[in-house]
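Visitor: Let me give you the structure first, and then I'll get to my questions.
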Amino acid sequence: MRVTPQRLLIEEALRRIGRHATAEEVRRAVADRLPHATAPTVYATLELLAELGRVRKVRAGRGPLLFDPRVDRHAHFVCSSCGAVFDLPAQAPAEIVDPAPALAAARAAGHHPEAAEVVVEGRCARCVQAPR
Ligand SMILES: [Zn+2]
Ligand SMILES: [Zn+2]
């Protein structure tokens, strides 16, 4: 798999952002160095990086697809009030974030599962403290 400078710049940008980001946020972060990169190009590059295991895709709540610079297995918390996405502590017991049983159940039902992840929804600590 050829590593293009554009791909490297996009991966770097997500790491610089350092948290879950939309393709549009990444596009804005590379706009000065890749002025001609369109949103679909950046999106496709991030999808490819996810396939290569360099970044992770996170479908959280009703918001747009997010890209995560952290590729180790971890669960997410999505705030239903402000939409913020948090990593749950890395030291969460493995069985909490292990999607294997869910994947096995899907397979047993005759489906062809590709991915599963733990997303906890609710109001984040910030919103609980300062309700809007
Ligand atoms: Zn919140
Ligand atoms: Zn994450």
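Along the chain as shown, residues are numbered 1 onward.
Glycine too: its Cβ is placed from the backbone N, Cα and C atoms.
Pasting the relevant annotations from TrEMBL:
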| type | residues | note |
| --- | --- | --- |
| BINDING | Cys79, Cys82, Cys124, Cys127 | Zn(2+) binding site |
| BINDING | Glu95 | Fe cation binding site |
Visitor: Taking Cys82, Cys124 as the binding-site residues to compare, which has the smallest set of other Cβ atoms within 10 Å?
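Guide: Cys82, out of the binding-site residues Cys82, Cys124, has the fewest neighbouring Cβ atoms within 10 Å.
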Visitor: Near Cys127 (Zn(2+) binding site), which residues of its chain come within a Cβ-Cβ distance under 8 Å, counting only those 6 or more away in sequence?
Guide: Cys79, Ser81, Cys82
Visitor: Specify the count of other C-beta atoms within 10 Å of the C-beta of Cys79 (Zn(2+) binding site).
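Guide: There are 19 such Cβ atoms around Cys79 (Zn(2+) binding site).
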Visitor: Please report the three-state DSSP label of Cys79 (Zn(2+) binding site).
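Guide: Reduced to three states, the DSSP call for Cys79 (Zn(2+) binding site) is strand.
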